[in-house]
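The annotation domain 'UmuC' is assigned in TrEMBL to B:4-184. What TrEMBL records for B:Asp8, B:Asp102 is Mg(2+) binding site. Feature annotation from TrEMBL assigns site 'Substrate discrimination' to B:Tyr13. Among the features that TrEMBL reports, active site is placed at B:Glu103.
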Amino acid sequence: MKIQVGRNELLTALQAVVGVVERRQTLPVLANFLLEAKEDELIVTGTDLEMELIARATVQNLSPGKVTVPARKLFDICRGLPEGAEITLESGADRVTLKSGKSRFSLSALKADEFPAMGAVTGGRALVLKRTELKGLLEKTQFAMAQQDVRYYLNGLLIDGNAKRLRAVATDGHRLAFSEHVGDTGLTESVQAILPRKSVLELSRLLDNSDAEIRLVIGQGQVQIDIDVVRLTTKTIDGRFPDYERVIPEHGDKRVVADREILRKSLARTAILSNEKFRGVRLQLSEGSLKLQTHNPEHEEAEEEVEVGYAGGALEIGFNVNYLLDALGAIPGAEIVLELKNSDSSGLVYQSGDPSSKYVIMPMRL
Amino acid sequence: MRKIIHVDMDAFYASVEQRDDPSLRGRPVVVAWRGNRSVVCAASYEARKFGIRSAMPAVRAERLCPDAVFVPPDFTRYRAVSRAVREIFLRHTEHVEPLSLDEAYLDVTENLTGLPSATAVAQTIRAEIREELQLTASAGVAPNKFLAKLASDWKKPDGLFVIRPEQAQALIAPLPVGRVPGVGQVMERRLATLGLVRIGDLAVAEPDQLHRHFGRYGKRLHELAHGIDENPVSSDRARISVSAEDTFENDLPLSELEPHIRRMAARTWQAARKMDRAARTVVLKLKTSEFRILTRSITLTTAADSEQTLADRAVGLLARVELPDSVRYRLVGVGLSGFEAPSEAPLQPGLFSEQDASPED
């Protein structure tokens, strides 16, 4: 294989893919990119066996072929070269040589046929929507995904779609984030898939807020998405996602309307003196007022009072302050609604007038 | 003045073995692993007649009584029985300080059942242990922990002894100094070289002399010898279970118990909420018209997070009662135990309550 390519062109492709390469691998070849020169394209593939990212760059193909090279090293070299530099990549027996101007690098290579490729997803059901729509769904929910929970199906995000709507749902078992996009999806039947946490984070990084349409193909155990010249293929989590509809509370009779930014800042300040491990904040509601209180094992205390729209009678309830902050951070609008029933039941947070995204938070007994 | 009870189960492990295996009753039973280096964990009173004692090498025990039955210890079972004993204590006071599986201090200066005296509480506890667990316990009643522990040994086994404050010094004076907690063989020898052999000798010894030889512990020795011990009963893990139970006016069949279980669950949940910590074990208690007591329990993977969970789990335990349909019940109780240490966390219940549970019992 021998190619010539502009540094910026190559770097863009490597940048799209490098995120999947883990710093520590179970197989040596997983530390490498697969480079394949085909017609006037260089195809760069990275994988961690659960997710595969493929990017394409336009190159001058002098000799077709494929090889694998250490991913991070190639990425770091390429990034370090001056903008606009021209790069020549050539594979030898067990080496890949990179030349650019007066720089020359010889990288060790592994055989391309050792590289595990996931292949195309076939026979799946396709979902078509705008990039900005999918990105919105992910950004409004992904923070609630569990991390390394034994309930492995929570370490991801549920995509739940039918012809008329697409939902994203994430939960760590204590709080849940739900977001729905209503509109034609191109689906002819309902589909559900749990995308693994890492794939969700990569996907959300790759998406921009453009109106360009993307296709998401949901196949058996795999999901594939093409975004421009990048293709993301991920295994899905094989497990039953909890019945999320059951835990989204019916409208509670105690309804608090608050300015999102004022409440968020008050919470952020009181959070400073909450217990660092448990993060509890006490909410005391009375007519027109919401008091926030925290304290920590050092007996430091914080108290804030926020003016709110509330007429539901006195109520005291505890929450993990991070869960509230996460929810408020994911809501774009200026005004939020917090619906409560009693101190033992979950609270529901959403943007005033727009319940398309909802956040359910279990209270904490403080 | 405080009222302290020390309860000591008689030959605990051996008695549990004899209770659970009738063929062992009346025979010398030694609880010990087989092996040259193993020691006796417990010996039944029949075995003690041969001179067998706890902590003696098992080989020696075998020589002393070749006919003894050796049983390997089963601590899971002893722990379960120990928990049941503790449940009985907790009916009478929150202030229980377990010392080990088979003994505990109770502060009954105020008791929960309205019994008129500490002696009455101790008698009731011993009766309840005998009735409900078919085991015997000895108890000592005194104004402090030190004297209570000496007292429980006085009429062992299956006895009760009360040391009143005014009798204390006279009663303990003739006892060897080795009976004072903290005085082991080495200390006993050192005291003997000073001519201090009995507790009474310590009482009349010069406090300065004791202090010179034993530092701060000398002061404590002097106090103890005068029957003074201010150490409180420290129920660090303040309460280990919460429960509510109710006896019906008319005995009921199993199929009619559910509403009562839910009623008791509500009461237990109210009480548990006050404790401000999470509990994982749900216990259902039933008493038949023949006064047979059954308990069934289930330990959840995460703490019971609502009255609903508690009630549902308790009702679910009914399925594990395998008595004939003809049996009638006079009492139901619902309890929560397995409380997490208070430092662990404020309770953060989960969204999804269908958590897996592992059965116990």
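All residue numbers here begin at 1 and follow the chain in the order shown.
From the backbone N, Cα and C atoms, a Cβ is placed for every residue, glycine too.
TrEMBL labels come from automatic prediction, so no person has curated them.
Mapped onto this structure are the features recorded in TrEMBL.
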| residue | record | CB count, 10 Å |
| --- | --- | --- |
| B:Asp8 | Mg(2+) binding site | 21 |
| B:Tyr13 | site 'Substrate discrimination' | 27 |
| B:Asp102 | Mg(2+) binding site | 22 |
| B:Glu103 | active site | 19 |
Whole-number mean of pLDDT values that fall within the domain 'UmuC' (B:4-184): 91
Rounded Cα-Cα span from B:Asp102 (Mg(2+) binding site) to B:Tyr13 (site 'Substrate discrimination'), Å: 8
Between the residue listed as 'active site' and B:Asp8 (Mg(2+) binding site): CA-CA distance (Å): 4
Collapsed DSSP category at the residue listed as 'active site': strand
